[in-house]
Ligand code: S3P
């Protein structure tokens, strides 16, 4: 599939974007390992979370899909999974693979975790290292790439792991393995990262401590099923926040968006750039803060992005670079080397696309410098990365010529129905088979 975008347009109206991807993955994992039945509302029916759902069905967990984001998980308890007969295919999902690696290391049976070409090129050494320290036996392809062959029946021991990079996936992997390890498992992180695993474990009645920045849990507990209301994904909302921020005359309300403090970097960065954002109806839903986000067009200016915002906006940079391209002056991002190991090398992929549109940028090892100005049009390569595809679609609002975004199939991993929703809000987008 490809997207064709006519230049210009205004964004207006009200919308609820699909459910949070991180929480959707975790709702299946913890629901499956809980005792009792978990009802999930607002589940993201995108390919990534569905791959996790399929993996647990392959391990004997009964999971019903009732449509419209409703899923019922019949938990089997921490020790109730059955050996899968085939490798578990986690598709495009780094979160699926890295969190599952932690859980699978503690099972009595062997598992193989695999995925698509993009996932099989991503580094898994970052989760293999702490798991091996805990006593897990894991084989991978060269350079720690998937497939991962995880030996079952190993007795794990709790460790303290000082994370070398700010990664919620590595933190979560280690803590989830800790559910099966002897004694206490703890982690410290170089900077706070999304804490959905900790919140959801607590929501399922499992004690997770956070004292002096050390996050820890003890094995031997149980997860008790509960209902989960997944808010709209702020990472998906980000595309329309930037859309409204760059298109003159825009006026948009995004409802029921998760605003967990570890995820709001995009709001903070856009506000620093001069965006006109108001949070309305702030509330807490199932242990996670939620709000309606109202945004109106206002001219943006370039900024030096504070480094402490990087982990809090890690998935939103592709579209934030489009905001930077439309801002007056220079935007500088540093401390974001993690962007090089996402679904694509997002620094390089964005620099390439910006260049196609005639936007000046300079690539740094750990970031990028973007000079705002006018944007032309052209053909954009997405490198099979959903967020690159959506970011350049949004750019069309300020482009002077048509933008043709190639290879958009992966958009369905995180944002099924993106083009239809975007069209309804004012983007001049058409999807066509390639
Ligand atoms: C995620 C953590 C982040 C993020 C990813 C989802 C999670 O990855 O980029 O999209 O759900 O834990 P890292 O842990 O690699 O930073």
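Each Cβ is built from the backbone N, Cα and C atoms, and glycine gets one as well.
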Same 3-phosphoshikimate site per TrEMBL - residue from 315, 365, 366, 371 joining 21, 22, 26, 167, 169, 342: 315
Rounded inter-Cα distance in Å - residue 94 (phosphoenolpyruvate binding site), residue 169 (3-phosphoshikimate binding site): 8
Distance from residue 122 (phosphoenolpyruvate binding site) back to residue 26 (3-phosphoshikimate binding site), taken between C-alpha atoms, in Å: 21
Binding-site residues near residue 387 (phosphoenolpyruvate binding site) (Cα-Cα within 10 Å), from 21, 22, 315: 315
Nearest recorded site to residue 122 (phosphoenolpyruvate binding site) by CA-CA distance, among binding-site residues 21, 169, 342: 342
Close-lying binding-site residues around ligand 1 among 26, 315, 387, where CB distance stays under 6 Å: 315
